[in-house]
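Visitor: I'd like to ask some things about the structure below.
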2 protein chains.
Amino acid sequence: MKLERVLIVDPIKGEFTGDIEINNKIISKVTLKGYNDYKYIVMPGFVDVHTHGQKGINVMNASNKDFKIWAENNFAYGVTSFFPSTVSASKEQILNVLMNSKDVGLSIEGIHLEGPFINLEKKGAQNPEYIRNPTIQEIEEIINEQVKLITMAPEIDNFYDVIDYLKEKRVVISLGHSSGGFEHFKRAFQSGVNRITHFSNALTPLHHRNIGGTGSALYLDFYLEMICDGIHLSPEFVDLTYKIKGPDKIILITDSFEGAALEDGYYTLGGLEVTVRDRKAFLADGTIASSTLVFNEGVKNFKSFTNCSLQELAKVSSYNALRNLYIFNKGRIETGYIANLVVLNNNLDLVQTIFEGKRVY
Amino acid sequence: MKLERVLIVDPIKGEFTGDIEINNKIISKVTLKGYNDYKYIVMPGFVDVHTHGQKGINVMNASNKDFKIWAENNFAYGVTSFFPSTVSASKEQILNVLMNSKDVGLSIEGIHLEGPFINLEKKGAQNPEYIRNPTIQEIEEIINEQVKLITMAPEIDNFYDVIDYLKEKRVVISLGHSSGGFEHFKRAFQSGVNRITHFSNALTPLHHRNIGGTGSALYLDFYLEMICDGIHLSPEFVDLTYKIKGPDKIILITDSFEGAALEDGYYTLGGLEVTVRDRKAFLADGTIASSTLVFNEGVKNFKSFTNCSLQELAKVSSYNALRNLYIFNKGRIETGYIANLVVLNNNLDLVQTIFEGKRVY
């Protein structure tokens, strides 16, 4: 396969016009041609490290076939790598998700456990019934090679009892759903944790006498997940964060649930009832619950909120997420990398998705 | 007078060793000498644009002689320009302060009116009895050539009725004691207001769905007053703000009151009772009330919180405040400037203060 006369957007080499050749699953040649015109933009395929479901599929009760369908549906939004994300649940329910999502392949790279080891005070739309402190025993029982990422609150009991085990297993720890202050985030950062879940939702605010989870995320060199649906975070909040952190530490996510890409209506999330109205998902008490965002819309939103460059957009939509999770053979348009690509028009609408060298959308 | 073999710290030209010659009130010559050693650091004299009193003197009932004593006392803290700052009070009380502080000369450059046109919801340690909305009539009656700065909340009624008059009179408007959100701060900024009072005390917090007064101050190109006593703002908050805003937009202030530079005990502020314990001043309900900070301590604190350069320290301790208030003949160590200087040792302890070419401390 050859993509000719395109604007190539690589997160490291930047933006240039040229041709891309693909052989089997691999980018075999990237040629800078200096064309003065192009019709399409080609970027690395999008990566969603935090998503609970989509189009009627709920991660917590999805069958093996559902996971496949989810991955196929996700090509329509440019997603070529994603991490189905559990919510707080019993050990049995979590093990069930791991079993059902095993060996799906396609664009599923692993599982993100969002909870249950979080702070009840910052439960957000997580079911309080299942929130608990970790024990090394339960961690050992749950964690297998599918689990790549776990969201935990740094201030809960036993946090420091389990993080060494998790690091040894190469499970990346992300801080979130936390009531912790600067002292907690600083200690976790100094212990090697470098990531924050859906900044700054479900974190303590920046206060002038304790900069909190929000201030710590800005102050220390954390990677930050961000939901750019225009609902969870105001455009100015996203732009301010981009101005402070720069393009190298932001990771776009959808945090979507089964109601995403469907009509307004009534759905469930981790056993809680969720209403979707005007594309906004919320619990009965008004708490924002997950999102109805699809990935390529979040990418367009980030561009319009920040006016960032396309190179920077490639970083926040794929490269940063992959590097943070030790994935080194994807996320660039360069010889030798896996050919996961999106083809966009100048309005950043998705025109084509290429997964492992094959057109899939 | 000649200062020889010193480290000269100019906010624009930076740090270099050399000699300074003073003739009458003016710096007549600055010579770069490239000495390899020096005993003292010379910086522009400090500027405090926000102070309600000190050493038993309370701005609201100070006599003309008290203002003189205040200015003389302030030399011991390196302050060579300051702006006695009123609190919310009746028109008569404010006019009284203006009358008593008239023609004091020395380092008193003008008056800062902190209130009464602020938001009752964010009164801080201001007396609620006197907080009200501005009218063009009252503004005209109060404002004279002594008033250089006024703190107002942008969301209160009639704000936009009076700001043109204030701008015409060259009274700088500072936003503070405000419940306003991004929409209010943005509109005020677009109307030419470029300054925030004691960031981020008595402002709405940074929230991810409305960045508030705190977020607006960080997001838009405002000057920010900051109280660096280690009590009003945590060291990390100061450092984070410095990292975000840089050294060109921060203005150190004391916000001190009559209990500053005195023992712990019981004092008053704008008719409210204030307790000072362990140098922390607070109202009966625990609200932090003003400060007991003296200026040169705030300067040392800022340096230790941020590890900024001495050149940057000269910006935040004098240059930025002066430029913001249209004072162009002070704040630099350069031929032709007024010779207001502080001489410090390497620990930044004050060794000497020079005011208009004369040693005053």
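Just so you know, the numbers here start at 1 and follow the chain as drawn.
Heads up, the Cβ atoms here are built off N, Cα and C, so glycines get one too.
A TrEMBL annotation is a machine prediction, not a hand-curated record.
Sharing the record's features from TrEMBL:
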type     : residues               : note
DOMAIN   : A:41-360               : domain 'Amidohydrolase-related'
BINDING  : A:E114, A:H177, A:H198 : Zn(2+) binding site
ACT_SITE : A:D255                 : active site, proton donor/acceptor
Visitor: To the nearest whole angstrom, what is the C-alpha distance linking A:E114 (Zn(2+) binding site) and the residue listed as 'active site, proton donor/acceptor'?
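Guide: Between the Cα atoms of A:E114 (Zn(2+) binding site) and the residue listed as 'active site, proton donor/acceptor', the distance comes to 10 Å.
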Visitor: Across the whole of the domain 'Amidohydrolase-related' (A:41-360), what does the mean pLDDT come to? Round it, please.
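Guide: Taking every residue in the domain 'Amidohydrolase-related' (A:41-360) and averaging pLDDT yields 96.
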Visitor: Select the most exposed residue of A:E114, A:D255, where exposure means the fewest other Cβ atoms within 10 Å, treating these as the recorded positions.
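Guide: Result for the recorded positions A:E114, A:D255: minimum number of other Cβ atoms within 10 Å at A:E114.
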Visitor: Taking just the CA atoms, what is the gap between A:H177 (Zn(2+) binding site) and A:D255 (active site, proton donor/acceptor) in Å?
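Guide: A Cα-Cα distance of 14 Å.
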Visitor: Can you count the other CB atoms that lie within 10 A of the CB of A:H177 (Zn(2+) binding site)?
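Guide: Counting Cβ neighbours of A:H177 (Zn(2+) binding site) within 10 Å gives 29.
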Visitor: If you skip the near sequence neighbours and keep only those at least six away, which residues in the chain come within under 8 angstroms of A:H198 (Zn(2+) binding site), Cβ to Cβ?
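Guide: Long-range Cβ contacts: A:H50, A:G176, A:E225, A:M226, A:I227, A:H232, A:I253, A:D255.
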Visitor: Taking the recorded Zn(2+) site as A:E114, A:H177, A:H198, identify the other residues of that chain whose CB atom sits within 8 Å of the mean position of the site's CB atoms, giving them in sequence order.
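Guide: Residues close to the Zn(2+) site, other than A:E114, A:H177, A:H198: A:H50, A:G115, A:I118, A:G124, A:Q126, A:T151, A:S174, A:G176, A:T197, A:N201, A:A202, A:D255.
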